Amino acid sequence: MSVGDPSADMPRFRDQSIGLAIYGFLQIAMGGLAGLMVPLLLLSVAVSPQAGGTSAAQMIPAAGMYAVMAVALVWLGAGSVRGRRWARALTLVLAWMWLAMGVMALVVIIWWLPNMSKVFAAQGQNIPPQGVTFMYVMMIGTMSCMYVVLPGIFILFYQRADVRKTCEIKDPQVRWTDHCPLPVLSLSLLLGFGATSVLWSAGYGFVTPFFGIILKGISGALFFLGFSVLFGYLAWATYKLKIAAWWATLVAMVVFGLSTLISFSRISLMDLYREMNYPAEQLEMMEEMGVLEMNIPLMVSVNFAVFVGYLLWVYRYFPAATSVDQES
């Protein structure tokens, strides 16, 4: 090896191009499955009036979400196959978000599972205890694979130093994801998703609880419009590492957390879902499954504590923005 060879100063690592391609094709396949859900949901809209199922106002936003998910997964998968920096960063960030939300969802499902026996009893189905236990195990196993195992394998792979180095060599250009620490990028994406609320809330008539009252129609639309503008700005400012965005996000979370706690101390889920025009058959099914008996204030408190804890953890990345502003 010659003295002038630049590779002499490079640390040794294992090229992960094959792994990036394998995980990339896996994401593309997942995107294809998500895409298949779109026509299925739209088909359910066509048959729901006759079957008494979920209304079109609920299913069309869900179909839109699956369409966005399909495009994102295919886009990220293609980027991973090509070894792009942004694909690795976004996949890692989204996998951590997937895992965190999945764990919380799995806890709720495990808490709710005992209510299945009540549903079967209400429907006149006598299932032996062994059969119910088998169903519990299968559901928990399936959900664990979807919410824990699958995002976990993405995290274990994409956070490896060899994978990062491979992407840096295959994609030497500095990308937009390199200008923001990954934990802060995750917060920015969460806020950005909140900024889209004005779109998916339209399918439910812009219904939302707010400090003990239910907003809907024009008042609800104005609320969601302001909410989306605020969170859109916070997403951008957070990405720019502006410390004011961190404080504004904390204040916003406290306000919305208090609003939710006050609202569900006065309003039941049944009242909220009625305002959202849920079909009577669906409300009856949810009541049998015990969904309407969930302790919403407790769930909100836990989610609020987790999010505030995350905010406090990422705070350490923001002071760097102060020095940048001073230099400029």
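Even glycines carry a Cβ here, placed using N, Cα and C.
Remember, TrEMBL labels are computer predictions, not curated facts.
Residues annotated as transmembrane segment in TrEMBL: 20-47 (among others).
The transmembrane segment annotation in TrEMBL covers 59-78 (among others). Residues 23-32, 34-35, 37-38, 41-42, 44-45, 48, 87, 90-91, 94, 199-200, 202-204 of the same chain sit 6 or more residues outside the transmembrane segment (59-78) yet have a Cβ under 8 Å from a Cβ within it.
Positions annotated as transmembrane segment by TrEMBL: 90-113 (among others).
Same-chain neighbours of the transmembrane segment (133-158): 19, 23, 88, 91-92, 95-96, 98-99, 101-103, 105-106, 109-110, 113, 116, 127, counting only residues six or more beyond its ends whose CB sits under 8 Å from a CB of the stretch. Per TrEMBL, transmembrane segment is recorded for 133-158 (among others).
Look at TrEMBL and you will find 179-201 (among others) tagged as transmembrane segment. Under 8 Å from some Cβ of the transmembrane segment (179-201) lie the Cβ atoms of residues 61, 64-65, 89-90, 92-94, 96-97, 207-208, 220-221, 224-225, 227-229, 231-232, 234-236, 238-239, 241, 249, 310-311, 313-314, 317-318, all in the same chain and six or more residues away from its ends.
Look at TrEMBL and you will find 213-236 (among others) tagged as transmembrane segment.
Annotation source TrEMBL lists transmembrane segment at 243-264 (among others). Panel annotation: around the transmembrane segment (243-264), residues 187, 191, 209-213, 230-231, 233-234, 237, 296-297, 300-301, 304, 307-308, 311, 314-315, 318-319, 321-322 of the same chain, lying at least six beyond its termini, place a Cβ under 8 Å from a Cβ of the stretch.
The transmembrane segment annotation in TrEMBL covers 296-315 (among others).
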>> Need a quick answer: max count of Cβ pairs under 8 Å to the transmembrane segment (90-113), which of 20-47, 213-236, 296-315 is it?
In response: 296-315
> So which residues does the transmembrane segment (213-236) touch in its own chain, when a touch means Cβ under 8 Å and the partner is 6 or more beyond its ends?
Replying inline: 188-189, 191-192, 194-198, 201-202, 205-207, 245, 248-249, 252, 263, 267, 271-272, 275
